[in-house]
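Here is the structure we will look at, set down as structure tokens.
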Amino acid sequence: MEKDDLTHFNDEKRAKMVDVTSKSETKRRAIARATIHMNEETLARIHAGKIAKGDVLAVAQVAGIMAAKKTSELIPMCHPIMTTKADISFEDDGNTALTITSEVVTVGKTGVEMEALTAVTIAALTIYDMCKAMDKGMRIEKTYLVEKTGGKSGTFKAEA
């Protein structure tokens with residue numbers, strides 16, 4: 001099998017979950033990021049705690065952490081893993097953009113890239129849901145894997 005061959009298909013060319021039985025357990029870590037753009041007033045109201053549905057960042061943080069833990073229930077070929085760390089942080093540009101960063105860690109046989117990506121995606125969707133009454137034009141953009149470490153493929157860092 002060549003390095004780029006798809007591993008999620010069986011001999012009948014049907015979907016399967018990859019067998020990781022013989023892989024070694026190693027520490028694996030992934031960082032992902034997403035940005036949600038909104039009106040200036042929306043971001044100001046989030047920071048002032050003046051969104052009718054509640055504390056937007058606290059709810060989005062919990063939603064992102066929950067999403068990391070439930071990724072295998074959402075993405076069919078993801079292995080259920082024991083998440084040993086899931087964290088969500090927020091940074092704004094002081095104007096109209098809020099950047100969400102997740103860090104997910106495990107010790108296991110498969111990586112946590114999908115968990116980190118799912119975490120930032122769900123956190124961004126939660127922000128959209130909580131603020132859509134005042135800003136339906138919000139845009140979720142640039143969701144990507146920033147870095148991953150551990151496992152056979154080693155370290156990956158996105159280009160700046």
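Each position is counted from 1, following the chain as shown.
Placed from the backbone N, Cα and C atoms, the Cβ positions cover glycine too.
Listed in Swiss-Prot for this protein:
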BINDING   Met77, Cys78, His79, Met114, Glu115  substrate binding site
ACT_SITE  Asp129  active site
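Cα spacing between Met77 (substrate binding site) and the residue listed as 'active site': 27 Å, rounded to the nearest whole number.
Counting in whole angstrom, Met114 (substrate binding site) lies 22 from the residue listed as 'active site' by their C-alpha atoms. Within 8 A of the CB centroid of the substrate site residues Met77, Cys78, His79, Met114, Glu115, the other residues of that chain are Thr71, Ser72, Ile75, Ile81, Thr110.
When secondary structure is read from DSSP and collapsed to three states, Glu115 (substrate binding site) falls in the helix class.
Neighbour density for Asp129 (active site): within 10 A of its CB lie 14 other CB atoms from the protein chains shown. Cβ packing within 10 Å was compared across the binding-site residues Met77, Cys78, Met114, and the lowest neighbour count falls to Met77. Each of the binding-site residues His79, Glu115 was scored by other CB atoms within 10 A of its CB, and the lowest score goes to His79. Here Glu115 (substrate binding site) is positioned 21 angstrom away from Asp129 (active site), judged by their C-alpha atoms. DSSP assigns the residue listed as 'active site' to a helix.
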